[in-house]
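If you look up TrEMBL, you'll see 54-193 marked as domain 'Potassium channel inwardly rectifying transmembrane'. Marked as domain 'Inward rectifier potassium channel C-terminal' by TrEMBL: 200-369. Residues or ranges marked as region 'Disordered' in TrEMBL: 387-428. Among the features that TrEMBL reports, transmembrane segment is placed at 88-111, 165-188.
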Amino acid sequence: MAGDSRVHMDHDMEIGVTPTAVKKLPKHLREAQISTERTHLIADPVKKPRQRYVQKDGKCNVHHGNVQETYRYLSDLFTTLVDLRWRLSLFIFTLVYVVNWLFFGLLWYIIALIRGDLWHSDEDGWTPCVENLNSFVSAFLFSIETETTIGYGYRVITEKCPEGIILLLIQAILGSIVNAMMVGCMFVKISQPKNRAETLMFSHKAVISVRDNKLCLMFRVGDLRNSHIVEASIRAKLIRSQQTKEGEFIPLNQTDINIGFDTGDDRLFLVSPLIISHEINEKSPFWELSQAQMDKEEFEIVVILEGMVEATGMTCQARSSYLDKEVLWGYRFTPVLSLEKGFYEVDYNSFHDIYKTNTPSCSAKELAATLREGQLLPTLSLQMSEPPKPYALDPLSTLNPFTKDVDKEEEGEREETNGSAAALQDQP
């Protein structure tokens, strides 16, 4: 019976029919690795893609939710209007003017209605508050002409309407305030230096290689415009989750990366593309990370370039970031600057190009220790190869074979000098 069932199962497998005894397992059981005593199936850990904290174009990938104190936005209304998107800004710009004109047009219509100008405007000897104002449409048009100071000359206010004169003064003052606020918002929004940051470039990748026997983390920045960024400075932050010794988990902890703020190298003269270098030393967060450990780490490097726009004097800031997978070990940047006849030329086609270079895969700490040992070994070998100098007062100098030869040479010299002195004495 067992043999017959085995034959039927093999026959089912050959014709592609799923055996009835074998049931389809659930998804979580099919994906799980089951270990036995003989074999241990260990799957390689798959590195999940990290969510960016700052996008490559500089936008911060952070959304503010559950903000209950929304009145704080109204307390700084000007900045709120400037920060709005263009379609909302244009909509609010148009809405404010239309509502303002409609409001004062309604007031002019109410004055005309109360005074009876709408019914007695055609009578002889009747002096209306506003001439030729006989409907709400005409009141609305008069409101537009008053606030925009168009003055077509068809509708005018008379001197026998004190309430109209007061309303005219109020509309003129409030209209000036509305014009100043809305035109100011549009001017600031148009002249914002955010667009200037579009011509500031960051390399797509960051690289790690050796410079002057030290591992360095490098990336490149450049400016496409001929008008330069004044007082340009750059800084970098390491974004990485951290757990303290007490067990506290700090998500997205920010750590400074020294790119020359102690030596002044963070102050840039950004005329041509520059390679920004971070020396991986004892104070660096990458001091003990090797190439293999770097591939397993999850971090993000945020770089911030700041300066004043030469044309407007406004402060400009450009941002970018590099994920752990965008930091390449053992690469360098291709040179982009060449000397032509009478000028230097920058080839921006090669701005993002990199090439491989020989780089040790050990950490910067191990490399520094290796270099120190390598510097000590030649010194020790030289000291061992040189013969020690003989000292006549040293009682142990007779044990050194080099000193015996020196003593023999000195005795020979003394005999020569004694012989020459005796020869001189024999001469008459």
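For all residues, glycine too, the Cβ spot is worked out from N, Cα and C.
Automatic, uncurated: that is what TrEMBL annotation is.
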Sequence-distant contacts of the transmembrane segment (165-188), meaning Cβ under 8 Å and at least 6 residues beyond its ends, amount to 78, 81-82, 89, 93, 96-97, 100, 104, 107-108, 111, 143, 146-147, 157, 159
Secondary structure split (DSSP) over the domain 'Potassium channel inwardly rectifying transmembrane' (54-193) reads 88 helix, 4 strand, 48 coil
The mean pLDDT across the domain 'Inward rectifier potassium channel C-terminal' (200-369) is 91
